Amino acid sequence: MQINPKYRLFCSWYGWHGYQPVCGISNVSILERFQICRNQNSTFAKQPFIYADSRRSDQECGKSTVPYPGNDRKNAASTQRRKSMSRPMSKTAIEEFFQRLSDADPEPKGELDYTNPYTLLVAVALSAQATDVGVNKATKKLFQIVETPQDMLDLGEEALIEHIKTIGLYRGKAKNVMAAARILVEKHGGIVPNDQDALEELPGVGRKTANVVRNIAWGEHTMAVDTHIFRLGNRTGMANGKNVLAVEKGLLKKVPSRFMNHAHHWLILHGRYICKARKPRCGDCIVNDLCNYKDKTPAEA
Ligand code: SF4
């Protein structure tokens with residue numbers, strides 16, 4: 001059988017194997033495919049080179065649509081993601097995981113300084129894309145004169161900027177802090193509400209910040225997933241998820257309730273100091289035997 005030279009060229013660009021899913025048929029030679037399409041009375045066999053758009057050829061052949069090459073790339077990415085996910089941790093392993101973290105540090109503390117729920121809210125909002133150490137430096141003097149939303153309004157935006165100008169994105173953050181203080185005074189009587197939706201309505205306060213504040217200030221069983229917890233959930237297999245919300249939901253479901261009060265702090269501290277992003281310290285990790293991460297780092301000699 002003669003194959004149109006243009007078609008031969010087209011196939012050589014995309015690779016014979018890469019082109020095969022075009023008709024939803026795999027593991028057949030290009031000549032067999034040619035024959036199959038001809039038998040199906042498809043114009044594909046008559047003018048193959050016009051089918052640069054694989055979706056059209058799929059319709060022609062009456063097969064399921066397997067768009068190419070975009071779909072192949074998507075499939076490859078999702079396969080890769082599945083492969084990089086760790087085997088789910090068992091219930092017993094999760095229980096033991098938190099028991100060990102609890103034994104090592106029964107009363108874990110966050111590293112942001114604050115004096116009450118309002119200053120906690122301000123500190124957490126300021127800490128976005130900044131270090132806790134940097135925020136503490138900036139708020140040290142601020143929290144000596146500001147304790148309530150009304151104090152913040154009395155201070156004013158320009159004076160606030162003077163206090164926090166060492167923190168990244170300080171102008172936008174100052175604007176949000178002032179707007180939030182105004183809402184707290186006008187709508188909530190100057191009190192920080194223990195309510196997820198009410199908190200998320202405040203400018204500069206997202207789901208994570210609201211979760212942190214509710215967990216630390218009132219001991220609510222929330223799970224604020226930051227970069228450390230997201231990594232840890234996926235690496236250990238405790239809560240695999242493509243995004244922070246999926247990991248948050250997974251952890252809320254799987255962490256035993258008796259550990260929920262401190263789980264957020266234990267995970268953050270473990271992620272920050274042991275299960276580091278680039279090179280986890282698996283050799284020093286007290287939960288090494290429970291973790292399902294496939295690429296654990298060997299212990300340093
Ligand atoms: S064993 Fe390694 S990957 Fe697993 S939690 Fe510990 S530090 Fe992280």
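Placed from the backbone N, Cα and C atoms, the Cβ positions cover glycine too.
Annotations in TrEMBL come from automatic prediction, not curation.
These figures come from a predicted structure and were not determined experimentally.
Per TrEMBL, region 'Disordered' is recorded for 59-89.
The annotation domain 'HhH-GPD' is assigned in TrEMBL to 126-273.
Within 10 Å of the C-beta atom of Cys285 ([4Fe-4S] cluster binding site) sit 20 other C-beta atoms, taking all shown protein chains into account. If you look up TrEMBL, you'll see Cys275, Cys282, Cys285, Cys291 marked as [4Fe-4S] cluster binding site.
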Surrounding the recorded [4Fe-4S] cluster site, with Cβ no more than 8 Å from the Cβ centroid of Cys275, Cys282, Cys285, Cys291 and those residues left out, we find Arg235, Thr236, Ile274, Pro280, Arg281, Val287, Asn288, Tyr293, Lys296
Reduced DSSP state (H/G/I helix, E/B strand, rest coil) at Cys275 ([4Fe-4S] cluster binding site) is coil
